[in-house]
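Peer 1: Sharing a structure below in structure tokens format, with a few things to ask.
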Amino acid sequence: MRPSNRTPAQTRPITITRQFTAHAEGSVLVEFGETKVLCTASFTEGVPRFLKGQGQGWVTAEYGMLPRSTHSRMDREAARGKQSGRTQEIQRLIGRALRACVDMKALGENTIVIDCDVIQADGGTRTASITGACVALVDALNWARGKGIIKSNPLKFLIAAVSVGIYKGEAISDLEYIEDSAAETDMNVVMTETGKIIEIQGTAEGEPFTHEELIELLGLAKNSIREIVDVQKAALN
């Protein structure tokens, strides 16, 4: 039995609120149960130096957690003077995932920076960030098209992400913190709206997992991501 009484395949209630802030070209509050992340997309003309003159754009991401997003306060990374390895890993994951769904040539020499700020953490912050960031990205691209900065839609497809794992010997989807911290296997999966895999991060925390369990976890992730994409589409419509 899961602590929340959810079935193994059941995700937490998922909410996506668009236009959550006033200034960003795209802004979304995404909620996976008690995990809440603010995702903003900022569109700027021009690209990093390494891409100048190549006729293509760039999408990148930054990730951070507010000091009291967790049970006890943690120092801001800015106050410590450097980002943790975890933060760097997560923001690179978010950036890679988002670049997979954008036609960089159609974006032109423009840059979109996605900022994912965790307001409240209860497991799955990186997968919630990717899910919300995709919707914020869509809004930023639509803003640029409306302004005539880009001519065609660079979005190739929607993407979403979910955590899956083995908890007390059972494969489950969308782990909350109490499950994540005790899981035998923890995995983050990013997929397209049609179920193609963009990235898998999987670790055996307590017990090695079998090939059969891997396939079961990927099946759980695929079904959950299909449901999450439906939430994205409903928000965008």
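Cβ atoms are placed via backbone N, Cα and C, with glycine included.
Pasting the feature list from Swiss-Prot:
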BINDING   Arg86, Gly124, Thr125, Arg126  phosphate binding site
Peer 1: Taking the Cβ of Arg86 (phosphate binding site) as the centre, count every other Cβ atom within 10 Å, in any protein chain shown.
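Peer 2: Taking every protein chain into account, the count is 11.
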Peer 1: Including all protein chains shown, what's the count of other C-beta atoms within 10 A of the C-beta of Thr125 (phosphate binding site)?
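Peer 2: For Thr125 (phosphate binding site), the 10 Å Cβ neighbour count is 24.
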Peer 1: Neighbour count, 10 Å Cβ-Cβ cut-off, for Gly124 (phosphate binding site): what number do you get?
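Peer 2: Within a 10 Å radius of the Cβ of Gly124 (phosphate binding site) lie 25 other Cβ atoms.
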Peer 1: Please report the number of other Cβ atoms within 10 Å of the Cβ of Arg126 (phosphate binding site).
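Peer 2: Here the count is 23.
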Peer 1: Relative to the mean position of the Cβ atoms of Arg86, Gly124, Thr125, Arg126, the recorded phosphate site, which additional same-chain residues have Cβ within 8 Å?
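Peer 2: Sorted by sequence, the hits are Tyr63, Ile90, Val118, Ala121, Gly123, Thr127, Ala128, Ser129, Asn188.
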Peer 1: Could you give the maximum C-alpha to C-alpha distance in Å for the residues Arg86, Gly124, Thr125, Arg126 that bind phosphate per the record?
Peer 2: 13
